[in-house]
Amino acid sequence: MKTLISSSLSHKSQCLTICFKLNKLAMVYYTREFQTEASQTSASGSMFSGNATTILRRMLAEKRIGRFQVENQRKTEKLDKTLKGLCVTGRLKEAVGLLWSSGLQVEPETYAVLLQECKQRKEYTKGKRIHAQMFVVGFALNEYLKVKLLILYALSGDLQTAGILFRSLKIRDLIPWNAMISGYVQKGLEQEGLFIYYDMRQNRIVPDQYTFASVFRACSALDRLEHGKRAHAVMIKRCIKSNIIVDSALVDMYFKCSSFSDGHRVFDQLSTRNVITWTSLISGYGYHGKVSEVLKCFEKMKEEGCRPNPVTFLVVLTACNHGGLVDKGWEHFYSMKRDYGIEPEGQHYAAMVDTLGRAGRLQEAYEFVMKSPCKEHPPVWGSLLGACRIHGNVKLLELAATKFLELDPTNGGNYVVFANGYASCGLREAASKVRRKMENAGVKKDPGYSQIELQGEVHRFMKDDTSHRLSEKIYKKVHEMTSFFMDIDYYPDGLDSSCPV
């Protein structure tokens, strides 16, 4: 081989041929030998031999790169199959871990399968990890995967990231619009959800049944009857096919907006009635304290052969509570397991405790709690605590409050209920101690808010809130009214600073 190289260097026209031969051999040893021999001959000063060496090195490098790419391609194909297999067998955690440890990009279809699995299992954190892996390995998102991620972020409540993905879409069809509307409504930002709905309509996107399910829920929460009727009219005009979810949301919307006749008429016109739509009707009457209507509808539901579910029974028990119907409450409570095989849960026990408490049967309520399998359920003790506060039973109040705080020590509302219970019984010092204990524990109560609708716009207010654009004028008016009441020596009930929170 050395002889071949040396003789070849004397013929510059054959240098390129030698390069190809060496490339075919793919041996770094001969490449270095070629350079050494060339430097010792007359060709060492020739630019041609230098170029030949450069070409040779480049060709060898390309060969290595090609081999690396082929190897990587094989790894990726194997990884794709493995990840899909893990998803099919429900091993999502292993799939995400393997994806990260590989440090490789996979096919868009594989990413889509992983994200879909995260969505179905409500493993939103794992979905975000997959998105982070895409970013780390430099994967360029296509429009389909952007929509997949948008839906995942919207479901998880991360509307900021969902909004960024939404705005980055080149084409916004109905699916991303629905995801954004639903995301805002589920997070309790119904007003913003309606804004997006109207923005979608201005962009000439035709809504579907999923759109209206979210819009009707938003109108229910905001008590926006006119907006709900307008959406219902669009649904009828566009001949949008309904489903059980939309039907129940529509019935619920009319009842929540105090339009009983419209709500019942929609229910009567339904082609299919099931436990969900029946429960919406019963719940609608219960929401407004129509106890007799709740019980009538419940009986009619059973007559038509529709079996109630735990939610239906909870609505009925709550109605019995509001109506002070203790015996009826017991009847339906025992009927759950006896007639329908439904095991009462914590909320059902809490409803019965509340019913007994309203009737002043506190000792019976306490004994019922102690015998129940849900005595470790905080709302059960919360119901007893509320009843003790109303009837001024300090002994049971302290017992219920102690257990309540023990089960849920981080809930600021529990401390407030306890303190208010002491205050209602005239024990101001004890109430102050509870508030100090709450402060020392670093526990805060989530602020409540009030809202009103003026000229089609909903305005929300919280304590010490200055975020409203007319805050200065609002507070000025409040001070004027306060001064006026003081001038005429009028003090509303509960204005004393030591009153319950």
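The first residue you see is number 1, and the count goes up from there.
Glycine too: its Cβ is placed from the backbone N, Cα and C atoms.
Mean pLDDT for the region 'Type E motif' (380-455) in this predicted model: 73. Here Swiss-Prot flags 380-455 as region 'Type E motif'.
For 456-486, the entry in Swiss-Prot reads region 'Type E(+) motif'.
Swiss-Prot lists 107-141 with the feature repeat 'PPR 1'. Note: the repeat 'PPR 1' (107-141) comprises 26 helix, 0 strand, 9 coil (DSSP; helix = H, G, I, strand = E, B).
Among the features that Swiss-Prot reports, repeat 'PPR 2' is placed at 142-172.
Sequence-distant contacts of the repeat 'PPR 3' (173-207), counting only residues of its own chain at least 6 positions beyond either end whose CB sits under 8 Å from a CB of the stretch, comprise 147, 150-151, 153-155, 157, 159, 162-163, 166, 214-215, 217-219, 221-222, 224, 227, 231, 234-235, 238, 240, 458. Marked as repeat 'PPR 3' by Swiss-Prot: 173-207.
Tertiary proximity for the repeat 'PPR 4' (208-242) is limited to same-chain residues at least six positions away from its ends with a CB under 8 Å from its CB atoms, namely 174, 177-178, 181-182, 185, 188, 190-191, 193-194, 197, 200-201, 249-250, 252-254, 256-259, 262, 451, 453, 456, 458. Residues or ranges marked as repeat 'PPR 4' by Swiss-Prot: 208-242.
Sequence annotations record features per position, and here Swiss-Prot assigns repeat 'PPR 5' to 243-273. Distant neighbours of the repeat 'PPR 5' (243-273): 209, 212-213, 216-217, 219-221, 223-225, 228-229, 232, 235, 279-281, 283-285, 287-288, 304, 306; these residues of the same chain sit at least 6 beyond its ends, with a Cβ under 8 Å from one of its Cβ atoms.
According to Swiss-Prot, the feature repeat 'PPR 6' maps to 274-308. Same-chain residues lying 6+ beyond the ends of the repeat 'PPR 6' (274-308) with a Cβ under 8 Å from its Cβ atoms: 244-245, 247-249, 251-252, 254-256, 258, 260, 263-264, 267, 315-316, 318-320, 322-323, 325, 328, 340, 342.
Residues or ranges marked as repeat 'PPR 7' by Swiss-Prot: 309-344. With a cut-off of 8 Å between Cβ atoms, the residues of this chain six or more beyond the repeat 'PPR 7' (309-344) that come close are 275, 278-279, 282-283, 285-286, 289, 291-292, 294-295, 298, 301, 351-352, 354-356, 358-359, 361, 374.
Look at Swiss-Prot and you will find 345-379 tagged as repeat 'PPR 8'.
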Residue counts (helix, strand, coil, in that order) that DSSP gives for the repeat 'PPR 2' (142-172): 24 helix, 0 strand, 7 coil
Non-local residues, at least 6 beyond the ends, that sit with Cβ under 8 Å of the repeat 'PPR 2' (142-172): 108, 111-112, 115-116, 118-119, 122, 124-125, 127-128, 131, 134, 179-180, 182-184, 186-187, 189, 203, 205
Sequence-remote partners of the repeat 'PPR 1' (107-141) [C-beta within less than 8 Å, at least six residues beyond its ends]: 76, 79-80, 83-84, 87, 92-93, 95-96, 99-100, 148-149, 151-153, 155-156, 158
